[in-house]
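Novice: For reference, TrEMBL lists these features for the protein:
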- 1-26: compositional bias 'Low complexity' (COMPBIAS)
- 27-36: compositional bias 'Polar residues' (COMPBIAS)
- 1-36: region 'Disordered' (REGION)
- 49-71: transmembrane segment (TRANSMEM)
- 101-122: transmembrane segment (TRANSMEM)
- 134-151: transmembrane segment (TRANSMEM)
- 157-180: transmembrane segment (TRANSMEM)
- 201-228: transmembrane segment (TRANSMEM)
- 234-267: transmembrane segment (TRANSMEM)
- 288-307: transmembrane segment (TRANSMEM)
- 387-409: transmembrane segment (TRANSMEM)
- 416-438: transmembrane segment (TRANSMEM)
Amino acid sequence: TYVAMSDSQIDSSSSAFSNSSSRASNPDQAGSRSGNRINLSSDRHWRDVFWLGIFAIHLVGLGFVLAILGLNRFKKSDRLNIDRYTYGILENRKGLTEDYWPLYAVAGGVGTVLGWIWLLFLGSQANHMMKVSVHILTTYLAVISVFSFWVEQFFWGVAFAIGAVLQFLYVISVIERLPFTMLVLQKAVKMVWSLPDVMRVAYAFMLVMLVWMGIWSFGASGVVASSFGDGGRWWLLVVLSISLFWTGAVLCNTVHVIVSGMVFLVLIHGGREAATMPAKSLMKSIRYAVTTSFGSICYGSLFTAAIRTLRWEIRGFRSKIGNNECLLCCVDFLFHLVETLVRFFNKYAYVQIAVYGKGFNHSARDAWELFQSTGVEALIAYDCSGAVLLMGTVLGGLITGTCSGVWAYSKSKERVVMVGSTAMLMGMILVGLAMVVVESAVTSIYICYAEDPLLINRWDAEFFNQLSETLHQRLQYRSARAREVLAHNRLDGSIQDPPSV
């Protein structure tokens, strides 16, 4: 079955190439199949409204809780007399919100500067910055691990050491994929650099996130300064961090929808200045992203990041197992489970949301079926651009957390980990808002390549040839590997069968 699937993917991919070649004599037909289905009209339906309501309620409720937590310790200990309800878990500390709020202000400032630097150097130094992210992250994690042991934070020392080892093993497992990954990222940077308006959108959303982080850090500072025991403080910070992660993911994916929609339109119509380009397309993309499609963004933001990261790790580990059949069987089970989840929760859904106005699950399923039917999924599995961008995001978060943690160490040694870990999350979200601009271009390029390869050929013929060659190689590799596994299974079966008498 696997061999048949791979062969069909090769055939479908070859037919896609031949179809694009047959249309090469008439460039006006490029993208007509996709262009006819683009929905930029004003009659889009609201999608996933339930999750939009959940996110809005969560945001309002959390804002109220954050204000209470911050005000209770602002300039006066137990201003709102909350401690009387928690006598059993108090430490009778006299910390104040303003003791820790400046530490989070440093985190917000450093994260914003790092994100802005990334966007400013996107056109000229992005390739070098991504290479640095890949190679320096392991070292940085190891250094923080040593620092954690030095300040007697053994749990975090071990955690960062494990992180450094896993990062090193992952890079080793995908080292042969990095040249192709860097090629795709370079072309994505080329695309977004030609759209300065979408860069300004990223700046604007970064400022919106910074405003929310000001409110969030006010409440977090109140928690750190509170009289709760360490256990109570950690539980509250974990809840607040999950909320911040969801909010940050929603804003990142909103930018994702806006940028990917614009890139898709530019590729479909042959350029930003094309006569067929819809009027005020950027403003329409923004309006749809924050209105009719916002519920789908809120829904997808809950799951896509975690599932995608798990998929990268399992793929990297799976490729290095070797002949340990027991371990391979367990990992294959997890792999197929995650692959099933990816079918319903993947980042490519946001392109379909932006362009066609579909719901999230519908978009994710359509995108994955498109990749499966054309064989482009083999190319996506080989590409590590999302992991490389995540490394840059994590590195930015680590730098941010280090800056706040060092200052916290000089003021209150027992609060270093609390402040540093939450500041790291703030930095990751702010830097991630910058990184998502490039990731959006990558997803749109793959969607366009699957929809109509000639769209990429018209935009960059050399890049189209490189994509086609790599796709052909990956499909050939998958087919050969599947035949080898099938032949091995048949051989084992024939050996185990008893001889007939």
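Even glycines carry a Cβ here, placed using N, Cα and C.
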Novice: Taking 3+ C-beta pairs under 8 angstroms (sequence gap of 6 or more) as contact, is the transmembrane segment (157-180) in contact with the transmembrane segment (201-228)?
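Specialist: Contact between the transmembrane segment (157-180) and the transmembrane segment (201-228): absent.
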Novice: Quick check: do the transmembrane segment (288-307) and the transmembrane segment (101-122) share at least 3 Cβ pairs under 8 Å, counting only pairs 6+ apart in sequence?
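Specialist: Between the transmembrane segment (288-307) and the transmembrane segment (101-122), contact is absent.
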Novice: Taking the transmembrane segment (387-409) as the reference, which of 49-71, 134-151, 234-267 gives the largest number of Cβ pairs under 8 angstroms?
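Specialist: Highest pair count goes to 134-151.
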Novice: In terms of Cβ proximity under 8 Å, which residues at least six beyond the ends of the transmembrane segment (49-71) contact it?
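Specialist: Same-chain residues near the transmembrane segment (49-71) but 6 or more away: 79-80, 82, 97, 101, 215-216, 218-223, 226, 236, 240, 243, 246-247, 250, 294-296, 298-299, 302.
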Novice: Using a Cβ distance cut-off of under 8 Å, indicate which of 101-122, 134-151, 416-438 has the most pairs with the transmembrane segment (234-267).
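Specialist: Per the Cβ under 8 Å count, 416-438.
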